[in-house]
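Database features, via Swiss-Prot:
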{"type": "ACT_SITE", "residues": "K68", "note": "active site, proton acceptor"}
{"type": "BINDING", "residues": "S17, K18, S19, T64, N89, D105, Y215", "note": "shikimate binding site"}
{"type": "BINDING", "residues": "E80, G130, A131, G132, G133, A134, N154, R155, T156, R157, A158, K159, M213, G237", "note": "NADP(+) binding site"}
Amino acid sequence: MTALPRYAVFGNPVAHSKSPQIHRQFALQEGVEIEYGRICADIGSFAQAVSTFFGTGGCGANVTVPFKQEAFDLADEHSERASAAGAVNTLILLENGKLRGDNTDGLGLVGDIVKVQNTEVEGKNILLLGAGGAVRGVIPVLLAQNPARIVIANRTRAKAEEVAARFGIEAVPMADLNGGFDIIINGTSGGLNGQIPDIPPDIFQNCALAYDMVYGEAAKPFLDFARQSGAKQTADGLGMLVGQAAASYALWRGFKPDIRPVIEYMKAL
């Protein structure tokens, strides 16, 4: 009996990940069976965990917090998106045995904001909260939409300034933020611990969309705060998750899934 194609998501923590359910839905659309698991790699042992996975028959992998920049360093070659971001969320095993790193986070985010949340990015003022691999991954695709400006703010100011310099955007200390943003995107992971970024509530006064890149309960603290502070519309990152997963699946298998029924399926769980 032929072994099923095997995929996985690497992270720490990763037990909460919905990626296995999402990719099973994609496989049903394609009419195939696959294996898709969760691998919690120890901090400091990510490279070894990836090597073991691909060395024992793995076909492709997703990478989540906190390993996206390590995945970039590990990949033998990179897509333009990944090179621009300096972060990788998708590893593809090539026929020559090398690993290609790609980044589909930005595709998932922009696709959800524009197509599902019906909010244009072009010509808008955008605030990004956080400066980690997740945020780096979405900036190139956001810039390609021609926003009026992108501002980045982070708890550690130097990290925000480093990212801003890399992409030619603005960095502002969190405490100095004021209104004027159409779209505010939270890319910090504090919601996993029930925390929100240390930001003034009045930045949401003219905000058309407050978006958290995480999903479910972890997004609730930020989105509740945004709503109470005046944001007109809020959304968690479920659509982004499904969208980036669909782009990864297409890179691995050459089949492009329809994300809308999968988003509805995940909401119903």
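Just so it is clear, glycine is given a Cβ too, placed from its N, Cα and C backbone atoms.
Cβ-based neighbour count (10 Å, all protein chains) for Y215 (shikimate binding site) stands at 20. Rounded to a whole number, the distance between the Cα atoms of N89 (shikimate binding site) and A131 (NADP(+) binding site) is 16 Å. Fewest other C-beta atoms within 10 Å: among the binding-site residues S17, N89, N154, T156, that description fits T156. One way to see the shell of the shikimate site is to take the Cβ centroid of S17, K18, S19, T64, N89, D105, Y215; the remaining same-chain residues with a Cβ within 8 Å of it are V9, G11, N62, L241, Q244, A245.
Note on proximity: of the binding-site residues S17, K18, G133, M213, the one nearest the residue listed as 'active site, proton acceptor' is G133, by Cα distance. Here the candidates are the binding-site residues E80, G133, N154, A158. The one whose C-alpha lies nearest to that of S19 (shikimate binding site) is G133. Remark: of the binding-site residues E80, D105, the most isolated position is E80 (fewest other Cβ atoms within 10 Å of its Cβ).
The binding-site residues shown are S17, K18, T64, D105; of these, the one with its CA atom nearest the CA of M213 (NADP(+) binding site) is D105.
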